[in-house]
Amino acid sequence: MPIAGTKYAPFPAPQLDDRTWPSKRIEKAPIWCSVDLRDGNQALIDPMGHDRKERMFRLLIDMGFPEIEIGFPSASQTDFDFCRWAIEQGDVPDDVDLQVLVQCRPELITRTFEALEGAKTPIIHFYNSTSELQRRVVFAKDVGGIKQIATDAAKMIMDMAAKAGGGYRFQYSPESFTGTELDVALEICNAVIEIVKPTPDNKLIVNLPSTVEMNTPNVYADQIEWMCRNLDNRESLIISLHPHNDRGTGIAATELGLMAGADRVEGTLFGNGERTGNVDVVTLALNMYTQGIDPGLDCTDINRMKEVYEYSNQLKIAERHPYVGELVYTAFSGSHQDAINKGMKARRSANSPVWEVPYLPIDPQDVGRSYEAIIRINSQSGKGGIAYILQADYGLNLPRNLQVEFREIIQHITDEEGKELPSKRIYEEFQKLYVTQPDARIKFVDHHTYPDPEQKGRRILTAEITDNGVTKTIEGKGTGPIDGFVDALSKYLGVKMSVVDYSEHSLQQGSDASAISYVEMVYPGGKLFGVGINDNIVSASLEAVVSAANRVIAK
């Protein structure tokens, strides 16, 4: 790359030593305006036809956007026709205002009013570019010439609105605001304000777009705060933000801009738009939601939002996209999985409605996702993740030492195969190793116990087993069935074994529930686990002992 300082110069930042926005907090949601059907649509390789537009439009209404920019009706017949459809057949709720975009050109303004005939309180959004670069390179005009473009358009729009009988709302944008000197932007905006003559009951929207993101988010916040302080008739204005994401900080710039005094945000679902996109209003809304602020948008079915986005825009959402990507509620890391597992357990036992689970800033169910894919297993996964999957999907509450033991088995498989293991495969490996044991030597069949006549408090157990398919009867003594069965197997196999840990639980609810038992067995070479599942709790325990014994003699 060329030396940075010889090819690129830093864009100047305003001097605002008494800025107040850093100490502010976002306390309420802004007025939201979707520009998916205009700014988003113009950025598509294959712009939307009517069906794709209508599907997006219905979603935006269902989500609760109070303002929706439906197109640039003077730019194409497609946009004009959709505007007419929305007004005549779109069943637009009374609390939703439709917005259209128009350049400051007389013939386009006339066509725009034709498109809006019969609309309820439509917003006419007129704009012209004001930046130093575009004044010099594109328009070859001085500040006075650029200001006249804006004021001539404002006069024409106000005259036509008056003749049409009123009911219109107005929005002006000094396009490429972030590349415009602040005093120039102020001069042009104030000139438009003077013509529109807004009131507190009929406010003018002054939109201050970061058409191209040119600086750090704090600079945009300084620009917004400066304009909020200096614009004429501020109480009669709605200050709007329209950030883009060229530097990857559109979300941060918007949030700081709201702290700096803005009232409104224009953006798109999941950030579709020219170049790197417009600001993502879904991420903004859910950022607020997770801070306890009502976002004013309904994001409870984020899967539908994703589906409509991908259908209407013919674009795919990245797997790591905040809140909506396939993997954003998923942990592969062992330490993360362990923390999530413990957090979910703590939440189940807590009596607080507050969401507090490590590594999950939002409850996936709040946006229509499930807990099924929170933890997924690969070579980076730990015991907590595997335990969570077996508990969540199959109702198995593995003892901690068994979690450690089984994790090593799964680790070996993932290292060998080099890919993620789905939940079903993990359960199948658990069943094969501990429960079904298809190649096992010993199988449990039945048992009986009776008091030991020679020693009070102890019992004699006789058990029927098969050894490589041959039926055998074995006998042992102990304080109970498990103790006696371990004694019998130890003598029969010639290996001293003893149980050091035992636990069990039901696999379902009700009187016909199966039981699962876990035993940790010590033998001369170490210790390991066995697992048994049976309708009878005692039989499940003895099957767990056989499971462990089979693993001992297989070593």
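Each residue, glycine too, has its Cβ placed from N, Cα and C.
As annotated by Swiss-Prot, Mg(2+) binding site applies to Asp39, His242, His244, Asn278. Packing around Asp39 (Mg(2+) binding site) is summarised by its Cβ count: 23 other Cβ atoms lie within 10 angstroms of its Cβ, all protein chains included.
The domain 'Pyruvate carboxyltransferase' feature in Swiss-Prot is assigned to 30-303; the stated evidence is sequence analysis.
The region 'Regulatory domain' annotation in Swiss-Prot covers 437-555, and the record cites sequence analysis as its basis.
On its own chain, Asn278 (Mg(2+) binding site) has Val35, Asp39, Gly40, His242, Pro243, His244, Asn245, Gly250, Glu266, Gly267, Thr268, Gly271, Asn272 as residues at least 6 apart in sequence with a Cβ closer than 8 Å to its own Cβ. Neighbouring residues of the recorded Mg(2+) site, listed in sequence order and excluding Asp39, His242, His244, Asn278, comprise Val35, Pro209, Ser210, Thr211, Pro243, Glu266, Gly267, Thr268, Gly273, Glu274, Gly277, Val279 (Cβ within 8 Å of the Cβ centroid).
With helix defined as DSSP H, G or I and strand as E or B, the region 'Regulatory domain' (437-555) counts 31 helix, 55 strand, 33 coil.
Mapped onto three states, the DSSP output places Asp39 (Mg(2+) binding site) in helix.
Note on His244 (Mg(2+) binding site): other Cβ atoms within 10 Å of its Cβ, all shown chains, come to 24.
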